[in-house]
Amino acid sequence: MGKLLKGSDIAVRIDAETGRQVVRLKKKGVHPKLGVILVGNHKPSRLYVEKKKQAAEHLGIEFLLCHLPASTTQKNLMKKIRETQQTNGLTGLIIQLPLPPHIDTHTVVNTIDPSIDVDCLTDLNIGHLAMGRHYIAPPTAAAVFSLLSHIRQPLKGKNVTIIGTGPLVGKPIALMMMNMGASVTTCDMYTRDTVEKSLAADIIISGVGKKNIVTKEMVKKSAVVIGVGVEFAEKKVYGDIDVKRVLKIARFVTPTIGGVGPLTVSHLLQNTVVCAQHKV
């Protein structure tokens, strides 16, 4: 029987250090400030933004929310991004995703000044990540590595299967894993033998957002299984991993609630402070 790999306790330690850094920066006259631009009224997005707001204010990080209607044009959104980052003294700025379908996410994200791109989604920052020359990493990817570090999981030479190749989870994690010497296999909707690739993995990371897409039949004994994606259905939250059954096979499994999530917010705020430090 495996163990649940929870991020909550790790997040507390990261937040404590981030809070201390905030105090030091304020003594130097630098006030970390996170800006969030939210488009529309997607309920999960609003909940995520509120969590970020509460966490930021708890650590003494100023928080600015710019809420735009779902009908906002791409041109107006890009204009708002430029205005927001030029006039508000931000040390971090994110666009809450997903955006409405009429807006091209890649184009909009690259309007953000890379020096305050705390989600690490601009082309420049992804390039730094790919080359191993980054000073911040995408928060969700960083959260996954914090969990692996916590259990002292070696990465060099290990087989890692990543299910889902999106820009927030799969791609950055794959790049970082390769830079650390892991043997990485990625799977997406076009992959025909995902089960076989997963069974060969020492570490499985899933960021699809589909209920129980990772089953115990896909997991070898003593593997580490990390679920990042969630699906909202029938007023409930479901994770990518069939946690109860996978626990019977794996060494560690993240729970749907309290696994990667708390750490993602912690690393976002940590990035906001790191970007502030680069302004000193």
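All residue numbers here begin at 1 and follow the chain in the order shown.
Keep in mind that glycine also has a Cβ here, set from the backbone N, Cα and C atoms.
Look at TrEMBL and you will find 5-119 tagged as domain 'Tetrahydrofolate dehydrogenase/cyclohydrolase catalytic'. Taken from TrEMBL, the feature domain 'Tetrahydrofolate dehydrogenase/cyclohydrolase NAD(P)-binding' covers 138-278. For Gly164, Thr165, Gly166, Val230, the entry in TrEMBL reads NADP(+) binding site.
Feature annotations (TrEMBL) mapped to structure.
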residue	record	Cβ neighbours (10 Å)
Gly164	NADP(+) binding site	23
Thr165	NADP(+) binding site	18
Gly166	NADP(+) binding site	16
Val230	NADP(+) binding site	21
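Secondary structure by DSSP for the domain 'Tetrahydrofolate dehydrogenase/cyclohydrolase catalytic' (5-119): 58 helix, 19 strand, 38 coil.
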